[in-house]
Number of protein chains: 2
Amino acid sequence: MKCQDYSLNRQTERENLNLNPLQRGGVLPPESRQALYEFSDGYSVCDYCAGRLDEISKPSINSFLEDMARFIGADYARTVHGAREGKFAVMHALCRPGDTVVMDGNAHYTSHLAAERNGLNIVEVPSSDDPEYRINAEGYRETLDELNDMGEDVSLVLLTHVDGNYGNVTDAQAIGKVAHDAGIPFLLNCAYSMGRMPIDAKRWNVDFVVGSGHKSMAASGPIGILGVQEEWADLILKRSSLHQVKELEMLGCTSRGAPIATLMASLPHIIHRVNKWDVEVEKSRYFVSEMEKIGGVRQIGVRPTEHDLVRFETPFFHRIADKHPRKGFYLYEELKKRNIVGIKRGQTQWFKCSVYGYSQEQVHYIANSFAEIATKYKEMAD
Amino acid sequence: MKCQDYSLNRQTERENLNLNPLQRGGVLPPESRQALYEFSDGYSVCDYCAGRLDEISKPSINSFLEDMARFIGADYARTVHGAREGKFAVMHALCRPGDTVVMDGNAHYTSHLAAERNGLNIVEVPSSDDPEYRINAEGYRETLDELNDMGEDVSLVLLTHVDGNYGNVTDAQAIGKVAHDAGIPFLLNCAYSMGRMPIDAKRWNVDFVVGSGHKSMAASGPIGILGVQEEWADLILKRSSLHQVKELEMLGCTSRGAPIATLMASLPHIIHRVNKWDVEVEKSRYFVSEMEKIGGVRQIGVRPTEHDLVRFETPFFHRIADKHPRKGFYLYEELKKRNIVGIKRGQTQWFKCSVYGYSQEQVHYIANSFAEIATKYKEMAD
């Protein structure tokens with residue numbers, strides 16, 4: 001049989017300035033590209049396995065997991081295939097079908113799916129209204145109190161540390177305390193924070209923490225990190241009754257190949273970069289302030305932004321689309337001419353973007369490009 | 001904090017002749033190394049996602065999955081993180097805790113773990129005695145009859161198409177018929193066959209089939225294939241009630257990164273190579289016959305071998321270890337001097353190996369190297 005053409009190139013996204021927030025934190029540093037070269041084949045990290053991925057000493061996955069646990073403030077760390085698979089594993093080990101999990105109204109769809117696949121009921125803590133969509137500890141306390149009054153047991157409290165719609169950074173420590181005051185274990189989803197900003201699971205009252213290698217830890221997907229505190233290790237990392245050495249929720253081994261090699265190579269890089277998180281936030285705020293100089297462009301979510309993922313409402317650019325001969329495609333095309341990609345083709349009413357990891361000069365260039373396009377078509381926006 | 005040294009190189013395994021059966025089928029062809037370069041960063045395949053990984057058209061994951069489904073004789077194909085994750089997903093969608101699954105006595109430990117994690121009871125169909133360890137349809141029929149007589153319902157019949165201990169190739173079609181005659185769905189684990197030898201799920205009465213990209217499909221791990229027939233698609237690929245577009249057992253999306261790009265690039269290569277499977281089997285038989293010229297070396301499992309994974313009992317090499325100053329390490333060290341790796345350090349009583357993908361000249365060189373070592377130390381074996 002003959003295969004179709006799969007268009008296996010990514011030149012556009014690799015060679016231009018890519019503003020897609022999903023892609024900013026996963027770019028590999030050179031040392032991780034080297035690791036990918038070394039470990040590209042099949043089961044590459046398994047040459048010296050004696051039965052447990054997390055105990056392999058060549059390459060030193062065991063040392064890496066020790067370092068990773070320390071980096072995030074957890075007693076144990078394991079690689080999983082991504083944040084969602086980590087959340088599923090925690091819920092699967094901890095909850096029974098029909099149990100209730102409480103999560104924020106800004107939770108990622110994968111938190112819903114992890115719960116649904118486990119047959120759990122989801123109760124949401126609502127965010128504040130438009131335009132902030134803020135999640136706070138008081139909301140969690142009220143929701144847990146209400147459930148308690150109704151005699152409803154809650155098995156798990158989940159918080160999205162930084163959500164993927166507004167880039168709102170929540171007060172994990174305060175919400176962790178609310179969960180613990182109610183005697184309920186606390187799972188923190190750090191897909192948009194671990195590897196970008198400092199995480200301290202222990203100090204934040206976090207029992208289980210998940211992160212995403214491809215989203216925020218400069219690794220090839222799919223890979224994630226699951227951190228577990230001592231108190232829960234026996235449950236979450238319980239062994240198979242049939243194969244004593246194997247951890248059941250990991251199905252024995254998880255990241256058997258290239259992505260773990262890239263994450264290992266990237267750990268020094270991400271340890272370094274999280275210490276410069278305040279510089280990234282400053283860059284992001286500068287970018288927002290420049291964008292908002294275009295009338296009819298407004299950052300929504302908590303202000304000033306505390307994260308690189310920012311969401312703009314852009315009625316100005318949308319009005320142009322009504323009159324422009326290329327309709328909504330003009331914005332994508334004008335940006336592309338300026339070597340900027342990552343805003344979806346045809347999208348002009350609002351968009352999410354990020355300048356994470358770009359230099360101050362690049363951020364200036366990007367903001368200036370939007371301003372240029374705004375000036376070029378401003379008559380169409382009237 | 002400072003990271004430990006993770007020894008992130010694999011030069012020994014990359015640059016020598018590696019006989020580890022786990023590693024033979026996962027070696028990337030050049031076009032897949034190119035794909036890895038293109039798609040190394042983070043969520044690289046997700047630039048043009050409209051909500052479903054399997055429907056992405058750039059790169060053409062949708063076309064790839066159509067081709068893959070055709071290649072294995074399934075109505076639908078999805079990528080999963082590996083064969084084990086595919087087995088877990090099928091059992092999770094199909095069975096309830098306490099259900100019974102019947103599987104062969106040569107089943108991989110991950111089949112046990114997938115069942116155990118789902119709370120299922122495992123009933124094994126025993127293999128024949130040493131040295132063949134053969135699994136046959138009659139054994140399945142007897143086991144199912146016995147369970148039926150006891151009034152025990154069986155939710156799933158699982159067969160390891162080629163096991164990882166002896167490389168025995170089973171008669172999937174006959175065992176699939178036994179399962180269907182009993183009205184029970186049939187799951188075929190093709191981790192050691194899909195990508196090495198032709199698979200025809202439909203003709204073989206297979207309802208669900210799993211394969212391993214890193215083990216046998218020339219892909220970077222972790223990645224696997226799950227094939228599902230039409231009759232079961234609604235159940236196994238059911239959508240989330242909360243996010244209509246997302247498939248629940250996939251947690252929305254699975255292979256969001258580099259490994260799927262390598263598997264896509266490798267599909268033409270593996271389509272080509274499965275058509276030369278008989279050449280590989282001939283090479284393997286030649287290798288066995290050369291090895292057995294050393295007295296005290298015997299291939300166990302079904303003979304003549306029908307697969308590249310072969311297991312040898314090697315009392316000859318073990319007797320040498322008793323007297324050799326380097327004890328059991330001598331064999332590894334003598335092979336290494338000859339640029340051959342993949343037999344565990346210290347192992348001399350028996351070993352598994354494979355010459356899959358090597359040229360006739362390389363196979364001759366490998367067999368000759370064992371013969372040389374045998375001659376060199378034959379007095380110690382007396």
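Note: Cβ is positioned from N, Cα and C throughout, glycine not excepted.
Nobody curates TrEMBL annotations by hand; they come from automatic prediction.
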Site-mate of A:Ala83, A:Arg84, A:Ser212, A:Gly213, A:His214 for pyridoxal 5'-phosphate in TrEMBL, selected among A:Asn118, A:Asn121, A:Asn168, A:Asn189: A:Asn189
A:Ala83, A:Asn189, A:Ser212, A:His214, A:Lys215: the recorded positions whose Cβ falls under 8 Å from a chain B Cβ: A:His214, A:Lys215
Beyond the site residues A:Ala83, A:Arg84, A:Asn189, A:Ser212, A:Gly213, A:His214: chain residues whose C-beta lies within 8 Å of the centroid, for pyridoxal 5'-phosphate: A:Gly82, A:Gly86, A:Ala191, A:Val210, A:Gly211, A:Lys215, A:Ser216, A:Gly224
Count of other CB atoms lying within 10 Å of the CB belonging to A:Asn189 (pyridoxal 5'-phosphate binding site): 31
Candidate with the highest Cβ count within 10 Å, taken from the recorded positions A:Arg84, A:His214, A:Lys215: A:His214
Set of same-chain residues at least 6 away whose C-beta sits under 8 angstroms from A:Ser212 (pyridoxal 5'-phosphate binding site): A:Gly82, A:Ala83, A:Cys190, A:Ala191, A:Tyr192, A:Met194, A:Gly195, A:Ile223, A:Gly224, A:Ile225
Lowest local Cβ density among A:Ala83, A:Gly213, which the record lists as binding-site residues, within 10 Å: A:Ala83
Span of the pyridoxal 5'-phosphate site, taken as the largest CA to CA distance across A:Ala83, A:Arg84, A:Asn189, A:Ser212, A:Gly213, A:His214 (Å, rounded to a whole number): 14
